[in-house]
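Undergrad: Please read through the structure below; I'll follow up with questions.
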Amino acid sequence: MDEVQGGASSLPPFLSKTYDMVDDASTDSIVSWSASNKSFIVWNPPEFARDLLPKFFKHNNFSSFIRQLNTYGFRKIDPEQWEFANDDFIRGQSHLMKNIHRRKPVHSHSLQNLQVQGNGTSLSESERQSMKDEIERLKHEKERLGVELQRHEQERQGLELQMQFLKERLQHMERQQQTMAGFVARVLQKPGIASNPVPQLEIHGRKRRLPRIGWSYDEASNGNNQVASSQAGIRENADMEKLEQLESF
């Protein structure tokens, strides 16, 4: 830190303050150097913006801090966390920060000026490498988003197919229920004993033979009732078989 303060007059304030902030061991739970000492990680962005940024930069805008890092050629090297690096921003080697320069605004009508400015000064090697790394990062980010979008689209199509299947199954069950309800209603409406036709004395102009002596009406009635009951039983058995078939769906 003393080395940074000794050369602070030759460094942009943003770089020297950022180095001091990262190098402060008392705030390692919020921001610290990475294991390689060639990058730094913001572990807790809310506390970083609330407590550290106002102390060093007089504002609490985390997005503004990131834009400043990009302006000086820093790049985000881990998509899963806020880890930033610059080839000349290394722990214990603050003298290298003199090679870090603020980028000039890039306009669409002056892309050629990125290579050669009006005075003939070309980009530094670190700036050129930083731009290449940023382009590569954006390329990977685009590919990752494309894969994620494709996965969500497949999930959406799967849900639509599942919903269609459930809808058709529900309609089939409703039709079965209506059929069963109609069938049960018809069964309940049938009388317990079928009515018998009145015996005819003549058939095609021929007279029937009179009953034998001792034949009674009760015997005839019982015989007819047994036939009718047998027929009704057969129909009820057939109806019960149909009902069981419907319930088996």
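Using N, Cα and C of the backbone, Cβ positions are placed for all residues, glycine too.
What TrEMBL says about a protein is an automatic prediction, not a curated fact.
Quick paste from TrEMBL:
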- 53-77: domain 'HSF-type DNA-binding' (DOMAIN)
- 121-176: coiled coil (COILED)
- 216-249: region 'Disordered' (REGION)
- 219-232: compositional bias 'Polar residues' (COMPBIAS)
- 236-249: compositional bias 'Basic and acidic residues' (COMPBIAS)
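Mind mapping these onto the model and telling me what they sit next to?
TA: As a summary of secondary structure, the domain 'HSF-type DNA-binding' (53-77) carries 15 helix, 3 strand, 7 coil according to DSSP.
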Undergrad: Who are the long-range neighbours of the domain 'HSF-type DNA-binding' (53-77) in its own chain, taking Cβ under 8 Å and residues 6 or more past its ends?
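TA: Counting only partners 6 or more residues beyond its ends, the domain 'HSF-type DNA-binding' (53-77) has Cβ contacts under 8 Å with 12, 14-15, 17-18, 20-21, 39, 45, 83-86, 89, 100-103, 126-127, 130, 133-134, 137.
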